[in-house]
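Below is one structure, written out as structure tokens; comments come after it.
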Amino acid sequence: MSKVTVIDHPLIQHKLTLIRDKNTGSKDFRALVREISMLMGYEVTRDLSLEEIEIETPVCTTKAKTLTGRKLGIVPILRAGLGMVDGILELIPAAKVGHVGLYRDPETLEPVEYYVKLPTDVHERELIVLDPMLATGGSANAAIQFIKDRGATNIKLVCLVSCPQGIAAVQEAHPDVDIYVAAIDETLDDHAYIVPGLGDAGDRLFGTK
């Protein structure tokens, strides 16, 4: 079973309150999502491998640690996941960025892929999938499966707000994918919105309805 980490740092929780507020406009919403994503990135990357090397400081020769192991990749789920990219890139600017675009078939209600662009060496990278909301888990599960189908084997899912139903759905479909969230809300309403949630993250990021 995958691990679920709730990142409850005080700064994250404060900023999360601000994006939940219906009176927060798109400009501030975008800035806050970027800031929360960056803060979450510290925990998401906590297990990156290090190796010891020898360097010259202005004073002497010393041993120091540097990143090693797998290269990193960021994969936002379009469109709302785009709002989280810049915050993560501020921490890991060398990461490559892929994209997964999905829409829901009006007849079957199943997610359908309309765009996937990933690094060619995706099988060699640790991928961080970004989506602000983990509601039913349908979009996240589909995106993760599309990524796996192209060779990825090391994937983490990062969301701002989640609910028990979405977490359970991802854990059942992808028990090898660890999940990082800033909050686990109560439930879903009849329209599959997270309650209390923050509304439609994509609309609030981009000022659409």
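Glycine too: its Cβ is placed from the backbone N, Cα and C atoms.
Marked as 5-phospho-alpha-D-ribose 1-diphosphate binding site by Swiss-Prot on the basis of sequence analysis: Arg79, Arg104, Asp131, Pro132, Met133, Leu134, Ala135, Thr136, Gly137, Gly138, Ser139, Asp200. Sequence annotations record features per position, and here Swiss-Prot assigns uracil binding site to Ile194, Gly199, Asp200, Ala201.
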**OP:** Please work out the number of neighbouring Cβ atoms within 10 Å of the Cβ of Ile194 (uracil binding site), leaving out its own Cβ.
**Re:** 25
Original post:
Out of Asp131, Gly137, Gly199, Asp200, which has the highest number of nearby Cβ atoms, where nearby means within 10 Å of its Cβ, if these are the binding-site residues?
Top reply: Asp131
**OP:** Please report how many Å separate the Cα atom of Gly199 (uracil binding site) from that of Met133 (5-phospho-alpha-D-ribose 1-diphosphate binding site), as a whole number.
**Re:** 9
Original post:
Across all chains shown, how many C-beta atoms besides its own are within 10 angstroms of the C-beta of Met133 (5-phospho-alpha-D-ribose 1-diphosphate binding site)?
Top reply: 26
Original post:
Neighbourhood of the uracil site (Ile194, Gly199, Asp200, Ala201): other residues with Cβ within 8 Å of the Cβ centroid, in order?
Top reply: Pro132, Met133, Val161, Tyr193, Gly197, Leu198, Gly202, Asp203, Arg204
Original post:
What binding-site residues among Arg79, Met133, Ala135, Gly137, Ser139 are found with a C-alpha within 10 angstroms of that of Ile194 (uracil binding site)?
Top reply: Met133, Ala135
